[in-house]
């Protein structure tokens, strides 16, 4: 970037996009998780990119934490089959923008336009499994794997995106988020104790959809979803039923008539045996018996592309210590600014914290920085009040009323200005970075 670079403001679907003039030719391409996505051209590289605006990241502590989680994941997960963070910046309006490569289309759109030939199904599944092997090795579960979250370019390179909903690999995990068609049965049955196997189930559903050109389990609601799964797999085995924690769910499942499974070779008669065998290993009721991503890569169906020396795992587990933290917005804000500065390898900013420190130490430093900002803001407000009082000593009562109202405004402005000091260098990097 050059020192004369500046932020340019434009409207996209009624939403303000405020980006540096490094990027031009903005066009909306859709909504991602909690943000609007536009295509653009990077004038430094002349390459197309996708720019995702995070909507109001500091409006609530929940949104701030969610944005922090997505940023941390994008910085940590670096793999050919995962969307890659190329740039991140904070606008003067304090919106956050993620810049990634632009893939052109997604699997959902592709499946709507044409049936996939065998070699494309095989190659796309291989890349999905390759990406999942890496993600799972980092201790991360995607949780929302579906065709629209699988991006593809004109060279058939595939990348998994939207890690905004990803969660820690934790056998006590609760809740569900995935789109119903691709949701693993253990999520519907228990809402807890699920692990990386939920992504394998989702990948299996996507595999079947690529083969047939339509969703395998298009449930209209939870009950119908479970019903059509049992149409193919039969009734869940007793060891799965025994894991159901919800009394109402247990009563529902045990009240259903017994169903025998349909052999996959009968259900998918025209599909090659290796594909049927792998699909059957991915779509297993018991998650403990479901094939892993690593084993699926070694399956005969993946043989044309399988290369054990080129299917990497993560260098380190992702640090989830922040996941249970309940912090105020200003603390998340300081931590977010520091992550942005670290991405651009800019150090030494006032208020910047050491992101290599333990999470507890980061929180302590960020909390202290936020408190210092509030103290500075309060001091500035008092100075403003003193100045107004001095300047307005000879004014009328109405004038004093106006000044008092103005003090409320300047209180708010001063607080915002001071806390934003921690982001000043994140904004200013536009004038310093990549010179």
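For all residues, glycine too, the Cβ spot is worked out from N, Cα and C.
Checking the candidates 176, 305, 422 against Swiss-Prot, the annotation phosphotyrosine falls on 176.
Screening 174, 270, 309, 395 against Swiss-Prot annotations picks out 174 (annotated as phosphothreonine). With respect to residue 144 (active site, proton acceptor), the closest of these binding-site residues in Cα terms is 161, chosen from 29, 35, 37, 161, 205. Closest by Cα distance to residue 156 (arsenite binding site), from the binding-site residues 29, 35, 37, is 29. Of the listed binding-site residues, namely 29, 156, the sparsest CB environment within 10 A is found at 156.
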